[in-house]
Amino acid sequence: MTDRPTLLINTTIATMIAADVPYGLIEDAAIVMEQEKIVWVGARADLPPQYGLSETHDLEGRLVTPALIDCHTHLVSGGNRAREFEMRLEGASYEEIARAGGGIVSTVKATRTTSEDDLLSDALRRVDALIAEGVAVIEIKSGYGLDQDTELKMLRVARRIADERPMSVHTTFLGAHAVPPEFKGRADAYIDDVCIPALKAAHAQGLVDAVDGFCEGIAFDTTQIARVFDVAKELGLPVKLHAEQLSNLGGAKLAASYGALSADHIEYLDQDGVAAMASAGTVAVILPGAFYTLRETQVPPIDLLRKHNIPMALATDANPGSSPLTSLLLTMNMACTLFRLTPEEALAGATRNAALALGLDQQGTLTPGSRADFAVWDVIHPAELAYRIGFNPLHTRIFGGKIEDA
Ligand code: NIG
Ligand code: FE
């Protein structure tokens, strides 16, 4: 990157700015970036003359979109759960495995005993898979430690990813993910004695950008989640929630009452929850990878979300149990095929609305003033991104104005 502005020409751009034109598409477009920011976007014919002397890159007709954003992941974890995959194929359900001490708790054991460096190198392989598909921003949750030391270790690993790779990382404290074995049957004590103190310690060390929980029969009820959210509020941290994934406990409504950034999964979300999310401006994060892996049959209420103009984001939910998925492009395809999202909704879900789910207003669209994070694709039309299965047409990734080859 030079100090001179950089001009990208000979491209079609999907600005993803919500407007009358599908995808905010501009043909024969140009983009000017300076330092880490976009300074001008539009039809090439309208390019202001002062940018004529910029360092110019010919994109040879390729499509530019905002870089992708994966707004819900559990990318840092120890071990894997291939054995559980086998058990599920032999007939056991996700809930049965969890109740028998498998599931999240088995990843907790592995994460506690894996060193910080090993967790990092393992996570980087998954991060690299996302980078290869044009992802520039990821959210990473803790929640496989369930003791203070390991929760903090996971969050430090998440922060280190941004030093190791050209990637922006947003961390989320998910201490209320499951009850650890040493607190079996004592969920309230776990929340008070471990989860809340660990949240305060992680926050004091600058390791937390947001707070999440798992509101479900196999995890925590709304009263327990509310206690964690009260502390988040005291600390000035935004909240989000794994809600209504396997049943309806009213988690989304609770989250909305705290002004949550997002309610995630939401297969069992009802009219009441949708209305609460709409009035709080809470984003719906759709996670088709977990739906697919667990062979769920209850589809999130997409039409209701549309009717209430609730922004829908998409994410991989990358985790070793319910969604061992590290492809956001495949996630987009699944959202269309399984949940009937349009390819435009899918791309908005992995860009503009994913940014909203992270509380970012300077990312996820191609707008002057936004960060210059783009993906350059070898496709003609943006619908191709969600249409193909297992194909990666990324040509170049641009991160903070810096051009990388894919
Ligand atoms: O988002 N729903 C809860 N948490 C994860 C699953 C984690 C696991 O099974 O390890 C999820 O699907
Ligand atoms: Fe999750």
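Note that Cβ sites are derived from N, Cα and C of the backbone, with glycine treated the same way.
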Fill in: From His242, His381, His395, the one annotated by TrEMBL with His72, His74, Asp317 for Fe(3+)
His242
Worksheet item: Among His177, His203, which residue does TrEMBL annotate as binding 4-imidazolone-5-propanoate together with Arg81, Tyr144, Gln245, Ser322?
Response: His177
Worksheet, complete the sentence: Listed in sequence order, the binding-site residues from His72, Arg81, Tyr144 whose CB sits under 6 Å from ligand 1 are none
Item to complete: Going by DSSP, give the three-state secondary structure for His242 (Fe(3+) binding site).
Response: strand
Discussion item. Using a 10 Å radius around its CB, how many other CB atoms surround His72 (Fe(3+) binding site)?
Written reply: 31
Worksheet item: CA-CA, which of the binding-site residues His72, His74, His242 lies nearest Ser322 (4-imidazolone-5-propanoate binding site)?
Response: His74
